[in-house]
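Visitor: This structure is in structure tokens; I'll ask about it shortly.
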């Protein structure tokens, strides 16, 4: 039906139907009047398909029933329906929006499953992050706190409070600072080997400590933080510890923040700094980063450009100093002599270049010798940002070029040639006062430090640019894709998002943003405090105001389809054609089947599906149902939250909701008769109907009548006689009395022969073995064995023993052969009754001289044993060839083969496991314990030299994994005492996300060792000396006392003579200074002359006001220029003053 008015007054039905039928469309006829009916019937067919489906609580009618609704608030409904008609009319601005190409974004909710978060009650400003991959931990410095977190999920390993003392805070506030400023903000955090060096503002009293990397609560050393950490937490600073252990810090070193310096301390070299109060060296700098590279220490900063003649502008700089610099002599004492700085150029090329002057962050990529920098426009100008990359070779080229020098304050800055164009921190070869000085002239070092040429980036255009956004932090990762190596940039913004971009020379991918990560909840905007990258774990660590986040660098598993995986253009991810999933190159099953498509920048999908807005308020309406009428409630909604955009789908679901309409119940048609309850014999059938056509609701009448009918069935179908098995008969007699026989029994099928199953059943019986019965064979006739020349002979006869169980006659076995031998004399006097055959043989042997009886040859060698173990046999044979029987001679008598037992030892046994024992009780009641069970290799045990059992002899299983009260596991046992006399124990948090009420406190504890556990090392002779104690008597004691008295007397005399000698020297030195009045402290009046003056000491000041190195007790200058005027007022004399009061005195009493 076209969208318009229908002249027919017939009402339509609310009927669900297939998409291609007219019944699918929800059409409402309004019977308030002809014009009203036509109006609504013209509007409703034009609803979106989702609004024409009868779903949910909407009233559904079928059949010829007609429905008519009266809406007092019809204008409200028509307005909602008409607004849904405007979805298809897209304004021109929306068409332009659909044509834009924007980079993809990852919403906070979509990123949360991949992110690990750490917060701590009361901790703020998580600005300092230091990675310790060897300890698998992240060191975090926050306001008043230090933390050790796990690199895997930033879970808490240790929390240590490092707050300022109450006196320090009160002193800070008395100087006009706020309570927020008068806290301890960590501003230096460096992991150096097994120590962590950290500095904090300490309520405007900077302090530094060195702590154990595995136990932050243990302080190894405390030193002054001045010139190493700023006073004010808002001042930028940076620091690096060189490979020689020297600290290079760039910060302001005074309370007011007007004395910036690049300062070296804590090493073997002398402390050095930049020139004090010299704006040409440093002009209101903001320090960004510091790196130890080769022979130099590099510092990246931004400052007011002193060489800019017109107005005030900010330039980005790179400065460097030689690590072997020892300062000057007489000129530039305690000051860098190798300090140089050059401008960093990051701009858009053109006839009038557009400069990004302010450096915000830097990242050193040592594998490529690259320095990436984040640059922005001035804070008061239009926001714009860029990322530029610089080669170290380009930086060195700028420092090897000419300098820029200003002769006087009114002169221009002009280029001047570099006296040492390839300066590499060389030193002077001469000895003496200039020993260890660099080869650079001190006069040049004092006036030539600004380079004339700027450091140019790798590419003329910035790697990445972005308007209307200010970048704040940057880290870079190297990713090996299938075809090339990519530099992936992670850029932090001041709004709290992280941009993931590509740095590549390809024009199609230049300035390509892969995605933007929203790490903060919607509506929250704050700059990132810190950004660190761990390449080995492919993870980002983000420092925020209230916590730390761990964000993975890749989320390949988030792309479910091949199109999404390849369309992301992510160098980390590719489609594995074999496994049919998105994975990294390392996780792919076959590199040849792993594909990527990084040919263009990814584009955000701006298509948006429509969504319904809120329902309008319920309005009463009436309906007509035949001769009766009732009331309903109706409401409507529009597809405008949001509207479909850029080809998105329309809203799915109904646009009109009709509910609470009163209905009288009506019966449905009777169902078909069910099957008869029996297959034979009398049964019954059932049919039903329900009061649901329609069901009564909202006050409607219920149906009148029965909902169930029954009737008899199968009255004339008798059941057949049942066929069944009779009982089993008795078991028959066993077929064998022993050795295992069989028994059977039978049953019969009653009323037929078609019973299911077998009619015969068998079972075994008499399984015990039968007794063995032996039988001997009769003796054989006597047979001659040896016949002598005289006619005497030996004869033998044989018989055999047979044995077999009666139940198995086929198992007959032959026993050992028994042999009897007798000797028969030649005269026949013996009782040798021979057989006729034997006599014939004997007579024939005596009558025929040519008859030769057989003789045995020698035995052959023994054969190999038939078995390797458990009693086998071996055999040897002989032949009747010595001689062979001839002319009717007798054959050889005896056996041609002889058997012998061999290898009676038992066979080797391979070991086998015994059964597992029962599980032991759980080792802990909470916090995670374990069961244990064991088995042994004794079933059987292996014989010596044979294979042992393979596998584990002990198994363990987890138990009692529920968390202990308050989330902590039980404390471990105290460890053994260390060399420092301390013990420690630890526990771990069982809660996945510990909150304020769970896992409070430290995860480790330490204590001094009890005296009973501290090992005491005694001399080797102590035992021997103990045996001689009984020989020490009173005589020995007296002799010892006298010896000690004499020794102390001699020592006292020596000390006294030494003091007298020193005092004489002191009197002589006093005469060097005449006793003239000290005009600075002249008291005047009538006091005695020797009481009118007080002692004073004058010293020359350090020219640069350097802070002495607290740890090495190193002072840069020898205090040679010291002048002293000394007077001794009565009643004291000159000997009452300690010699330390005067540096000129070098003799000290032995006191």
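Using N, Cα and C of the backbone, Cβ positions are placed for all residues, glycine too.
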Visitor: May I ask you to indicate which of 995-1015, 1016-1036, 1037-1057 is given in Swiss-Prot as transmembrane segment?
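Guide: Checking Swiss-Prot against the ranges 995-1015, 1016-1036, 1037-1057, the transmembrane segment one is 1037-1057.
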Visitor: By the record in Swiss-Prot, which of 236, 597, 786 is the one labelled N-linked glycosylation site?
Guide: 236
Visitor: Annotation N-linked glycosylation site per Swiss-Prot: which of the candidates 153, 660 has it?
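Guide: Of 153, 660, Swiss-Prot lists 153 as: N-linked glycosylation site.
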Visitor: In Swiss-Prot, which of these is labelled N-linked glycosylation site: 117, 345, 605?
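Guide: Cross-referencing 117, 345, 605 with Swiss-Prot, N-linked glycosylation site lands on 345.
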Visitor: Please compare the disulfide-bonded residues 425, 869 by how many other CB atoms fall within 10 Å of each one's CB, and tell me which has the fewest.
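Guide: It is 869 that, of the disulfide-bonded residues 425, 869, has the fewest other Cβ atoms within 10 Å.
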Visitor: Pop the Cα-Cα gap between residue 388 (disulfide bond) and residue 153 (N-linked glycosylation site) into the table, whole Å please.
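Guide: It is 32 Å, counting Cα to Cα.
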Visitor: When neighbour density is defined as the number of other C-beta atoms within 10 angstroms of a residue's C-beta, which of the disulfide-bonded residues 703, 765, 865, 880, 907 has the lowest density?
Guide: 907
Visitor: Per 10 Å Cβ neighbour count, which of the disulfide-bonded residues 691, 892, 949 ranks highest?
Guide: 892
Visitor: Determine, using Cα-Cα distances only, which of these disulfide-bonded residues is closest to residue 880 (disulfide bond): 208, 770, 902.
Guide: 902
Visitor: Spatially, and counting Cα to Cα, which of the recorded positions is closest to residue 719 (disulfide bond)? Options: 236, 703, 937.
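Guide: Of all the candidates listed, 703 is nearest in space.
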Visitor: If I restrict to non-local contacts, at least six residues apart, and a C-beta distance under 8 angstroms, what lies near residue 172 (disulfide bond) in its own chain?
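Guide: Listed in sequence order: 164, 181, 182, 203, 204, 205.
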Visitor: What's the CA to CA span in angstrom from residue 208 (disulfide bond) over to residue 691 (disulfide bond)?
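Guide: Pair distance, Cα basis, whole Å: 86 Å.
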Visitor: Could you break down the residues of the domain 'TSP type-1 1' (664-720) into DSSP helix, strand and coil, giving a count for each?
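Guide: Counting residues per DSSP class in the domain 'TSP type-1 1' (664-720), I get 0 helix, 13 strand, 44 coil.
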Visitor: Please report the Cα separation of residue 869 (disulfide bond) and residue 322 (disulfide bond) in Å, rounded to an integer.
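Guide: That comes out at 84 Å between the alpha carbons.
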